[in-house]
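This report concerns only the one structure given below.
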């Protein structure tokens with residue numbers, strides 16, 4: 001376990017981003033941050049723990065809101081500096097009460113097309 | 001457009017993380033970084049552009065590899081400090097040649113269960 005965590009690359013602030021994806025359906029729910037201890041807790045406890053940059057404390061998702069996240073799988077990326085956490089999400093993932101933190105927040109884009117562009 | 005970008009919250013280094021998701025099937029492909037100019041190019045050109053932290057330059061995905069990413073949608077999260085970019089991905093998203101940067105990189109976990117935990 002400690003070897004697994006030691007292989008990850010944390011930023012200068014000791015954190016790496018964790019992408020959280022709904023294991024049922026594949027929606028991207030949110031992105032939050034973990035230090036080595038938050039990763040250890042997430043890998044070993046079945047529940048997802050983050051480091052809150054704003055509050056400066058560990059934050060086990062759902063302890064206050066009831067919107068718990070149960071770990072289904074965790075993968076690192078090719079550089080070892082990002083995690084993808086697949087979860088069973090109870091209730092809303094976003095503190096606003098929306099299902100995902102990205103709901104209703106589309107930006108205006110020019111859509112690309114692989115055939116014509 | 002400039003108003004949209006001004007509403008985003010970039011880090012002290014001027015960057016924010018962009019989660020890239022396959023619009024066809026929903027796989028999370030990678031995470032990379034954008035500054036305001038990379039966001040502007042991504043929103044307006046139909047192709048995804050990042051800021052490469054290691055090379056210190058803009059990087060329009062696929063210009064070298066041919067593995068282009070065509071923009072389908074871009075959403076910000078509730079805090080405005082993360083983007084979710086849905087794309088049509090040509091070929092492999094990962095520079096290793098794998099489809100996603102997370103393929104084959106599972107970490108050992110204790111799986112959580114909402115019924116018993």
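Positions of Cβ are set from backbone N, Cα and C atoms, glycine also.
Keep in mind that what you see is a predicted model, and the values were worked out from it rather than measured.
Within its own chain, residue A:77 (Mg(2+) binding site) has A:83, A:84 as residues 6 or more apart in sequence whose C-beta sits under 8 angstroms from its own. Residues or ranges marked as Mg(2+) binding site by TrEMBL: A:77, A:79, A:81.
For A:78, A:94, A:101, the entry in TrEMBL reads Zn(2+) binding site. With a cut-off of 8 Å between CB atoms and residues at least 6 apart in sequence, the same chain places A:29, A:30, A:100, A:101, A:103 near residue A:94 (Zn(2+) binding site), listed in sequence order.
In the predicted model, the domain 'Phosphoribosyl-AMP cyclohydrolase' (A:30-102) shows an average pLDDT of 97. Residues annotated as domain 'Phosphoribosyl-AMP cyclohydrolase' in TrEMBL: A:30-102.
Sorting the domain 'Phosphoribosyl-AMP cyclohydrolase' (A:30-102) by DSSP state (H, G, I as helix; E, B as strand; all else coil) yields 10 helix, 29 strand, 34 coil.
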